[in-house]
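The structure appears below as structure tokens.
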Amino acid sequence: MRITVNGQETALDGRTVADLLAARLDDPRPHGIAVAVNDEVVPRDDWPRRPLAGGDVVEIVTAVQGG
Amino acid sequence: MSALTIAGRALSSRLFLGTGGLPSLVLLEPVVAAAEPGLVTVSVRRTSSTRDGGLLDVLRRSGVPLLPNTAGCLSPREAVMTAELAREALGTDWVKLEVIGDEASLLPDAIGLVDAADQLVRRGFTVLPYTTDDPVLARRLVDVGCAAVMPLGSPIGSGLGVLNPHAIEAVRAAVDVPVVLDAGVGTASDAALALELGCDAVLAATAVTRADDPVTMAGALRLAVEAGYAARRAGRIPRRTTARASSPMTGRIA
């Protein structure tokens with residue numbers, strides 16, 4: 001199954017947002033992170049049960065220094 | 001210095017600090033300590049790591065409230081999405097709204113800005129828009145529910161100070177929400193001038209973070225904001241085109 005994460009197409013191993021975070025960030029529930037799937041923010045509490053499907057567009061963001 | 005209140009929240013200082021541009025994150029803690037800002041801004045960007053370099057840890061330790069921005073967003077859609085992600089990541093519904101018209105000038109896109117502000121207010125955000133020094137646009141932003149307006153003194157990162165003080169005064173006169181001078185501050189006198197013109201606060205980023213000595217400049221801006229606010233309350237003398245002696249002319253010798 002192929003999805004797009006932060007603008008790059010990639011293979012998805014798991015089934016949920018939490019699986020994706022665990023694979024990419026080594027943490028299924030990292031702090032200071034927000035996730036959107038197909039332009040909808042997925043609240044943190046929903047990460048373990050929000051399924052991902054082929055073609056999904058996922059954004060994973062955090063705070064950085066900025067004016 | 002009496003407290004500044006925005007959207008019902010009392011802020012401890014009239015200096016807001018942008019965190020972008022510091023050569024090293026090590027400087028962040030002493031810079032924040034020297035500036036004692038009422039708010040600190042952060043941006044939201046894609047990440048492939050949970051290691052943010054300790055940015056959020058340092059800022060949370062300082063106890064200063066966070067103001068996420070939508071810096072660099074070129075459309076209302078992008079800005080609204082970025083604000084939503086910031087709210088989720090940082091747990092605040094405050095946002096410094098930027099909708100940029102083009103990447104060369106970094107000037108606000110006035111039409112997109114009002115549109116995005118309107119959408120965000122409806123979604124429950126406390127919106128502080130980065131805007132031009134246009135009193136009509138400022139009023140439009142307040143009309144859609146913005147909690148403050150943040151007119152630029154001059155282009156972002158330019159350090160040119162307040163290029164049109166009359167326009168800043170006009171913005172101040174046009175709205176009944178706090179006015180925060182944003183962008184263009186180069187040094188302490190620029191920040192003092194903004195307060196003297198009637199602004200309620202100043203946001204400085206580059207002026208501090210790209211100074212030769214960011215910690216000392218952070219302290220200088222803190223003092224400048226206090227001085228400018230005091231001078232504003234004190235009431236400056238009218239400008240005259242001719243001299244007016246302050247010493248008596250009578251009783252001189254010879």
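Glycine is no exception: its Cβ is also placed from the backbone N, Cα and C atoms.
TrEMBL names B:Ala183, B:Gly184, B:Ala205, B:Thr206 as 1-deoxy-D-xylulose 5-phosphate ligands; from the candidate set B:Gly157, B:Gly219, B:Gly228, the record adds B:Gly157 to that same site. Comparing B:Gly184 (1-deoxy-D-xylulose 5-phosphate binding site) with B:Lys96 (active site, schiff-base intermediate with DXP), their Cα atoms are 16 Å apart once rounded.
Between the alpha carbons (Cα) of B:Ala205 (1-deoxy-D-xylulose 5-phosphate binding site) and B:Lys96 (active site, schiff-base intermediate with DXP) lies a span of roughly 13 Å.
In sequence order, the recorded positions near chain A, meaning those of B:Lys96, B:Gly184, B:Ala205, B:Thr206 whose CB lies under 8 Å from a CB of that chain, are B:Ala205, B:Thr206. For B:Ala183 (1-deoxy-D-xylulose 5-phosphate binding site), the same-chain residues lying six or more positions away in sequence with a CB closer than 8 A to its CB are B:Tyr130, B:Leu152, B:Gly153, B:Ser154, B:Pro155, B:Ile156, B:Gly157, B:Ser158, B:Leu203. Distance noted between the C-alpha atoms of B:Lys96 (active site, schiff-base intermediate with DXP) and B:Thr206 (1-deoxy-D-xylulose 5-phosphate binding site) is 16 Å.
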